[in-house]
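Annotation comment: TrEMBL describes B:21-41, B:53-69, B:81-100, B:112-131, B:140-160, B:180-196, B:217-234, B:310-335, B:347-365, B:377-405, B:411-433 as transmembrane segment. Residues or ranges marked as region 'Disordered' in TrEMBL: B:442-465.
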Amino acid sequence: MTLPQDLDLARTGGSRTIRRAAALCLVLLVALLVNAARVQVFQADRLGDNAANRRPVLARYAEPRGNILVAGEPVTASKDTGQLLRYERTYTDGPLYAPVTGYASQTYGTTLVENAEDGILSGTSPLLAPLPFWNDISRTRQPGGNVVTTIEPALQQAAYRGLAGRRGAVVAVEPSTGRVLALVSSPSYDPGVLSGTGSEVATAWARLNAAPAKPMLNRAIRETYPPGSTFKIVTAAAALDSGVVRDVDAPTGTPDPYLLPGTRTALPNEATGCRDASLAYAIRWSCNTVMADLGVKVGLAGMVDAVRRFGFNDPGLRIPSGVARSNFDTDMTLDQLALSAIGQYDTAATPLQMAMVSAAVANGGELAQPHLVESTTSAAGGVVDRTARRAYAQAMKASTAAQLRKLMVGVVEGGSGRNARIEGAEVGGKTGTAQHGVGNQGTPYAWFIGWARARDAARPAVAVAVVVEDTSARREDISGGGSAAPIARSVMEAALAAEGRGWPPSRSPERDG
Amino acid sequence: MTATTPDPPPPPRVRLPRRRGVELSLLLCAVVFSVYGYADVGLAHSGAVPPDVAGYGAGLGLLALLAHLAVRVRAPYADPLLLPIAVLLNGLGLVLIYRLDLETPADRAAPTQLVWSAVGVALFAVVVVCLHDHRLLQRYAYVSVAAALALLSAPIFFPAVNGAKIWIRIGGLSFQPGEFAKVLLAVFFAAYLAANRTALAHTGRRMWGLRLPAGRVLGPIVAIWLLSVGVLILERDLGTSLLFFGLFVILLYVATGRTGWIAVGMVLAGIGAFVVGSLEPHVNGRVEDWLHPFASIEAGRGPGQLAQSLFAFAAGGMFGVGLGLGHSTLIGFAAKSDFILATAGEELGLVGLTAIFLLYALLVGRGYRSGLALRDAFGRLLAIGLASILALQVFVIAGGVMGLIPLTGMAMPFLAQGGSSVVTNWIIVALLIRLSDSARAPAPPPDTLGIDTLTTPLPQREEAR
């Protein structure tokens with residue numbers, strides 16, 4: 001070996017091989033960088049959307065959720081648990097407002113306003129972002145905003161107290177604006193018990209789901225009931241609008257009992273004096289025969305057309321929580337049509353739907369879109385969106401509405417709805433009882449729909465629908481008047497008292513004007 | 001030849017740059033950067049700067065200063081980038097571990113890691129101060145390999161931890177001997193290949209167009225390598241066996257200049273990986289995870305560690321969610337060790353991750369540069385070997401946690417929790433400092449090295465000097 005080591009190394013290409021080995025390391029580095037870009041940029045969205053990825057959920061609960069406000073006061077709050085899913089929802093007066101708020105649970109998701117306004121409450125809504133597409137670009141969320149509801153606590157409490165734990169629901173709306181003033185379902189539950197994770201929440205969930213009274217069922221907007229005689233207001237509106245009845249006091253020539261068309265089945269009346277009765281008499285005393293006959297005379301097409309303007313058969317109604325579709329069949333034989341015209345057969349309505357019927361009458365035939373959210377605000381309180389008053393439909397002619405108002409006042413003044421009378425106010429109403437179950441063995445539903453106007457006010461302050469599952473009910477109209485009407489009266493009294501009391505600070509112009 | 005030259009000719013007065021000032025400024029940046037990260041974690045977590053931020057800064061600063069002084073006195077021509085990069089990576093690792101500690105208050109690792117880092121820096125200083133010529137190590141090639149094999153086989157007598165028998169537990173302390181074995185094996189490979197380079201390159205029979213070296217030359221080193229890999233497979237330490245294999249192939253290629261070795265290495269690695277991957281259940285599971293990271297989700301068992309790691313990287317996106325604001329706890333028990341890069345990816349984003357990769361690349365590149373500039377074969381090979389250890393390790397672990405290659409349990413140099421790892425990496429940096437000092441220093445008079453007085457245990461060592 002004569003060569004010095006370094007020369008030898010140089011001759012066998014030491015530098016060249018080192019450079020090649022370095023190039024190999026460079027290749028490895030480039031592979032890492034390309035792979036990092038692949039995972040972090042190109043596949044990021046797909047990985048982020050993977051159902052098993054808990055990061056979106058963690059981010060969602062990392063900040064306190066925005067609040068739901070009733071009369072300016074939050075009925076919700078957030079509690080820092082220090083857990084992985086950090087902020088849990090708490091509710092003040094949980095059972096009272098549960099049909100409005102729904103629940104926001106780490107385990108079971110969200111319902112009702114918590115669900116419908118989740119974007120605002122959790123801070124992901126683009127409305128909260130300072131710039132368009134800001135949230136997408138910066139991959140952040142804003143602090144959760146607030147949802148201001150239209151609920152009036154006095155009405156809500158009156159309705160809740162009135163039901164006193166019995167199965168049923170109450171909906172009150174402001175006829176001129178469609179603002180939902182009360183939304184009560186009974187029995188209720190505390191949505192706070194579903195917040196968070198763990199066995200307690202799972203136990204509460206199982207208990208609530210297994211309870212025979214179904215406390216988590218929102219009977220006000222998610223359950224439909226046979227509307228019974230309260231539906232006669234709709235039939236009357238259809239009859240008047242279509243010209244089948246021109247004079248409410250004129251005899252209708254209806255026999256009693258009334259044979260259902262094409263059958264030998266006789267439709268009976270609970271009330272007396274219904275033979276050849278006028279529409280006014282039929283509404284006041286709830287004659288089945290007269291109203292069934294009028295429904296047949298209007299005809300299927302006319303009835304379907306009329307009910308649609310009130311909101312029946314609309315699967316897309318939102319307040320913004322989704323409302324169950326109220327049903328009036330569109331394909332029936334005449335005897336079925338006759339039964340449907342008195343709220344039987346397949347006719348089914350949510351309490352909200354029947355409150356809309358009452359509100360349409362109270363508001364001169366024009367039905368405002370019902371809504372539960374007045375406005376949404378940022379966390380700092382700045383309004384980001386306000387629900388504008390929108391017309392739902394012209395449910396009937398103004399003249400028809402005026403005639404029906406008179407008839408409904410008659411029901412309360414001297415008919416089956418006397419329990420809803422309020423001193424110093426004009427109150428219109430309609431009672432109803434719906435049999436159900438096999439052979440009508442189920443506990444009947446007692447209904448009352450109505451509206452109330454202060455004597456000095458330009459227009460009615462409130463329209464209300466009450467349904468109670470009433471064990472004491474026997475006779476059709478006595479039931480609605482007996483158990484549902486007093487609840488409606490206390491809600492309407494609360495509405496009349498709240499009117500002009502000054503909250504919210506700026507009522508909608510329709511009301512002030 | 002121990003004769004002194006009585007009257008050396010005056011060397012050319014070229015003032016070679018030492019760059020110690022640059023090193024000091026970069027060190028200051030590294031410390032400030034780490035302290036900023038530490039404060040940032042506190043701000044993100046509890047809205048306040050951690051009370052001990054000054055202590056942390058002072059501690060890290062002191063360590064950096066100590067290391068700097070050692071370099072300044074004993075290796076004045078050393079590459080000025082090596083030490084600052086090591087301090088920055090170590091500091092960043094401490095920040096990440098501290099940040100992960102906040103999620104697991106019962107299991108704090110940052111204080112221990114700080115102690116180990118201090119030990120590492122102390123050993124760094126010891127190596128830089130005491131080892132005044134890297135060629136000294138050449139003498140201990142066989143001692144090194146004996147120690148490496150002993151260290152590697154020791155964990156067989158200790159119970160497995162998380163499926164791998166790579167830990168030794170004595171009392172409350174546990175360490176991973178495989179980490180130290182890396183350096184020792186690199187020393188042996190470099191020394192043996194430097195001594196037998198010529199024989200490997202020029203003797204042996206031709207076969208399939210490839211000249212095979214004589215068995216008596218290649219035999220011992222292949223045996224050593226097989227032995228270490230065999231032990232590692234017994235211990236299910238796939239990562240380290242991969243690392244040793246890569247190190248072996250790279251050094252063999254650099255020493256002989258035969259591209260054929262790379263091809264042979266690739267083929268052997270492929271066969272070995274396939275056999276082990278399909279037969280050994282532990283490794284097979286890793287391969288399955290790599291091929292189907294979301295299989296456990298589809299099977300309804302929730303995301304596995306690799307899936308969680310990918311979720312973390314994806315959550316980081318381009319700019320990261322910010323230090324202390326990610327959800328690293330989801331990754332599970334290995335978040336502070338094997339998967340610490342996922343936290344970096346989530347909280348610092350692609351930008352931060354790229355910066356970290358580039359820091360490693362600079363470290364490796366500087367090692368290679370020293371290797372190129374060195375004048376002796378052993379030094380060259382040792383520098384290349386040490387730099388390649390870092391490069392391969394970063395690739396294997398980063399590729400593993402990001403789904404590029406099957407996951408193998410390994411520690412991200414300087415970042416991951418692990419005493420043995422951080423100490424070993426500081427020793428590697430100390431050796432690179434020493435090597436770079438030799439590479440950049442003006443050529444000293446041959447006698448001062450004392451190289452000729454060395455007695456070598458290597459049989460093939462040229463005696464003719």
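The backbone N, Cα and C atoms fix where each Cβ goes, and this holds for glycine too.
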Near the transmembrane segment (B:53-69) in space but 6 or more residues beyond its ends, with Cβ under 8 Å, are 20, 23-24, 27, 30-31, 34-35, 38-39, 42, 83, 87, 91, 94, 114, 117-118, 121-122, 124-125, 128
Recorded stretches the transmembrane segment (B:140-160) and the transmembrane segment (B:217-234) touching, at least 3 CB pairs under 8 Å
yes
Surrounding residues of the transmembrane segment (B:81-100) on its own chain - C-beta under 8 Å, 6+ positions past either end
23, 26-27, 29-31, 33-35, 37-38, 41, 45, 56, 60, 63-64, 67-68, 71, 109-110, 113-114, 117, 120, 323-324, 328, 335-336, 340, 343-344, 347, 356, 359-360, 362-363, 366-367, 412-417, 422, 425-426, 429, 432-433, 436
When only pairs 6 or more apart in sequence are counted, do the transmembrane segment (B:310-335) and the transmembrane segment (B:217-234) reach 3 or more Cβ pairs under 8 Å?
no
Long-range environment of the transmembrane segment (B:112-131) - Cβ separation under 8 angstroms, sequence gap at least 6
56, 59, 63-64, 66-67, 69-71, 73-75, 90, 93-94, 97, 137, 417-419, 422-427, 429-431, 433-434
